[in-house]
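As C-alpha cells, the structure follows; a few thoughts come after it.
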Amino acid sequence: MKQKITAFLLGMMMISMLSACSFGKDMRYEASFLELFDTASVIVGYAKSEEEFTKYSQMIYDELKVYNELYDIYNDYEGVNNIKTINDNAGIKPVKVDRKIIDLLLFSRDWYEKTNGEINVAFGSVLSLWHDHRTAGLDNPEKATLPDYEELKARNQHIDIDDMVIDEEASTIYLKDPEMSLDVGAIAKGYAVERAALFAQQAGFENGMISVGGNVRTFGNKLDDNGKEIPWSVGIQNPDLSSDEKTLYVLNLSGYSLVTSGIYERYYVVDGKQYHHIIDPKTLMPTEYFVSVSIICPDSGMADALSTAVFNMPYEEGSKLIEGLDGVEALWVFPDQSMKYSSGFQAMIKE
Amino acid sequence: MKTRNVAMYGMLIALAFILSYIESIIPIPVPIPGIKIGLANLVVITALFTMGPKQAFVLSMLRIVLVGFTFGNLSTMMFSFAGGMLSWLLMVAAKRWKRFSMTGVSILGGIGHNIGQILVAMWVINNSVLLYYLPFLIISGLVTGAVIGIVGALITANIKKLDFMKN
Amino acid sequence: MIKKSDLILAGVILIIALAAIVFINVTKKEGAVVVVTIGGDVYKTLPLDEDTTLTIGDKQGDYNVLEIRGGEAKMTEANCPDKICVAHRSIHYDHESIICLPHGVSVEIRDGEKSDVDMIAN
C-alpha cells in the first residue's frame, strides 16, 4: 500500500517536472538589425531550435533588404533600378523595374483612390523640399529654416498621380512630368513588412512578429509558460516621450499589424517651434490635428498607408473612413493628450 | 461540571499559557505573517483524548481568547480561530476514523492549523500568492504535529493513570 | 504509540509537500517586475532592474518602505506592529512575496513576460 502510493506520487512528480521543461517545446528567439530602412528592425518568433529561427530571420532579412533597395528614394544601388532611378528619369524615359516596385505602385494608386488622394506617392516634390530643409536644420539647428511657401506651392503643381505611367506588360514606370517625383515613405515600409511576413509564413514560420521601425506585423501567436498560444502583446507608443508610461495601450494581436504615425518620430525645430515630417497635402505644412494616429488591421501595408492618411484628416473624416473599412481599428491622440478610438478598438485592449 | 473537569480545564489552560508564551519568543523561520507554530495544540489534543471533542473545542476557543488578549491582538486572534477550528475539525475526524494513533491525529491537526491560518491571510491581503508558502507550512505542520502528538501521548497516558480520572 | 498508518500518513504528506517544493523550485525563474498591492488592488508595478525606493502609503499614517536594489526587492522600513515584512529576506524569483498583513500590503515578484509588451509600435 505504502509502496504503491509512493510510486504513484513519484510518478506524478516526474510527469509534472517533465511538462515543466517539456520536450520539443518551441523556444522564443529574437533577432535585430539596424541596416534596413534607416531604422531598427526586430524579429521575434518561436522555433524548435536556434538554427530554425536563424533560417527564418535570415530569410526575412534578405527579403526586407531587397525591398529596402528597391523602394529607396535617396540612394543608388549597383545593378538595381529603384524608385530613385524612376525619379531621376522623370520626363526622360520609362524605367524597367522589378515586379515588386510595380506591385507597390499599383497598391499605392489603389489607396490614392480609396482615400481621395490623401495617400499620394506622387507627392514627392513637396516632401523632398521639406526633407531637404529638415535634414539641413538637423545638421545645423541654428540655421534651420522653413521651406518657402511659394516654392512649396509651385512644387505642388507637380503631384498628379496620373502622370505616373505603370506599364505592367513591359514592367516599366514612367513619370511624364519631369518635375514630379515619387515618395513612398508613407507606405513602403509597411508594404515590405507585409510581404516579408507572408513570405516567412509560407516558408513555415508560424508564430512570429516583425517590427521595422515600429511598424509591427504579427502572425500566429506567442506561447506562454505552459506552451499555450496567446496573442502577441503590442504596445502603442505614448507620444509624451517624457512620461513614465511608455505605452498608451497594450493590444492583443494575432495576425494583425499595428502602425503608428506620430509627430515625435522625425522633426526639426525652427525658431523654437517643432516641425514634424507628416505634411498635409492641403496646407503643404505639417499636420496639426493629432500628435499620433495608430492603425490596427491585418495588412501592414494598409496600416502604414492608413496611418498617414488618417493623420492628415480631421477626426470626423478619418473616423468615417475607418468605420467604413472591415477589420480596421484606429486610435487618435490629440494635441491635448486626449484620445478617441474606433468602435472595435476596445475589444483588442489587453486586460 | 464535575470537579475533575474543572481541574483539568485549569491545568490545561495553564499549560496553554506557558506554551503560547514559549511560542511567542521563538522566532518563526519563514516570515509568513499570522503563522504560528501551534505548540498550544498540545493542550487541545490532550483534551481531545482525555475529555472528548466538545471539551477540546471549548478549551481551544478559551485558550485562543485568553492567550489572544494576553500576548496578541484581535487580528492574531482571527488567525488563531481559523487555525484552531480547522485543526480541531481534522483531529476529531481523524480520531473517529480510528486508524491513526495520537501522532497521526496530531499531524493532521498541525497541518490544519497552518492551512487555516494561511487561508485567513490570503483573505486579508486578497491575494493568492501565499499559496506558494503552503508546502513549507505543511511540512512544518507535519513536524510540529508529530512532536506534539508524541508528547501528547505521554501526557495523556500519565493523566489517565491519575486516580481522579478513573471514576 | 505510533501506528503504521501514522507513518504512511506522514510519508504521503511529506512526498506531496516535497513534490510541490521541487516543482516550485524547478519551475522558478527570475522575475521581472515588482507588483505592490494593497488589499488586493494593484498599487504600483515597478521594474526589478531599476533601483528605486518606494514609500507605500503615507509617512503620516501607515507606511512601508520598499527598496529595489541590484535586482532584489526588500522591505526596509515599516510602522506595522509585527515588522514581519521587514524581517523577510530580499526576493527576486517569480512569485516570491513579502506580505505585511497589518497593512494589507503584498509585494510580489512577477514574471515580466506575461504583463510585458512584446513590441512597441511607434
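Cβ coordinates are placed from backbone N, Cα and C, and glycine is handled just like the others.
Per TrEMBL, the candidate among A:A186, A:A188, A:A192 that belongs to the Mg(2+) site alongside A:D304, A:T308 is A:A186. Taking Cβ-Cβ distances under 8 Å and a sequence gap of 6 or more within the same chain, the neighbours of A:T308 (Mg(2+) binding site) are A:E118, A:I119, A:A186, A:I187, A:S261, A:I278. With the fewest other C-beta atoms within 10 Å around its C-beta, A:A186 stands out among the binding-site residues A:A186, A:D304. Shown in sequence order, A:I119, A:G185, A:I187, A:K189, A:G190, A:V259, A:S261, A:A305, A:L306, A:S307, A:A309 are the same-chain residues outside A:A186, A:D304, A:T308 whose Cβ sits within 8 Å of the Cβ centre of the Mg(2+) site.
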